[in-house]
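**Q** What follows is a single structure, and I will ask about it in a moment.
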């Protein structure tokens, strides 16, 4: 019968754990139970080593452990399962018996491979590595991923960078209407993004004629800006092709309608009176248009007669009405 290893030999070497051979069939239920027993013995050995009782273990206890380990080793060999060392846990620095977890280039007890921040066990769970340490998904996102400028939450997937900040793509929208930006892009004002429509409505200068935003070509006149097509006479809506522009109460007028507003239109010809002017019967006339309604002779102020809203020289008035 093969000689069984002593307890001291087991303590001075790594704990033996079952390793299936390449040619062996899948482990049976008996092999699994033996593996669990071996793991329990390994934990017992670790406790003895920590408390310093390994050297002073009573003879009967030592003999019992030796017998148990020897029997287990023999039984595993008879089942066609060889034993091999599994390594030392990177967390507790104790031998690993039973299941071993390999991560970050090291070996661990499965219960000792945990998140650096919250202590959650990571065996069988997705994890992230940073600076040689492991983190669960939630703590990694909280600690190291960029934050959304809108909701301040961590950005776990797609990140959008704009205005020197990072955003969830669905949280980068117009600060006024809340619509996500399309092909027109966005405009910035005061560190906030706006869609084109709201930006123009809120911040672009307004045309003095139509009060709509002015975006490209414009005219500057009368202390304001205008669309070229809106810069017309307020009265007749004609442009100022000849360059004659008159302002009255902040509005633009052509020469005719400016003088009409001012009451400076000749009653005889209908054109503005800009030079010498004769006023009669509450009307204004060019001197050459102040004439007798019958003979068309030029009248002199103070020497004409009125009849039926018309003016006559003295001779024609007497001939016609006396």
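Using N, Cα and C of the backbone, Cβ positions are placed for all residues, glycine too.
Reproduced below are the annotations present in TrEMBL:
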type	residues	note
DOMAIN	87-146	domain 'LIM zinc-binding'
DOMAIN	147-204	domain 'LIM zinc-binding'
DOMAIN	205-264	domain 'LIM zinc-binding'
DOMAIN	265-322	domain 'LIM zinc-binding'
**Q** Reported in the order helix, strand, coil, what are the DSSP residue counts of the domain 'LIM zinc-binding' (147-204)?
**A** 11 helix, 16 strand, 31 coil
**Q** So, by DSSP, how many helix, strand and coil residues make up the domain 'LIM zinc-binding' (205-264)?
**A** 11 helix, 15 strand, 34 coil
**Q** Would you report the average pLDDT that the model assigns to the domain 'LIM zinc-binding' (205-264)?
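**A** That stretch averages a pLDDT of 78.
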**Q** If you run through the domain 'LIM zinc-binding' (87-146) with DSSP, how many residues end up as helix, strand and coil?
**A** 11 helix, 18 strand, 31 coil
**Q** Please list, for the domain 'LIM zinc-binding' (265-322), how many residues fall into helix, strand and coil according to DSSP.
**A** 11 helix, 19 strand, 28 coil
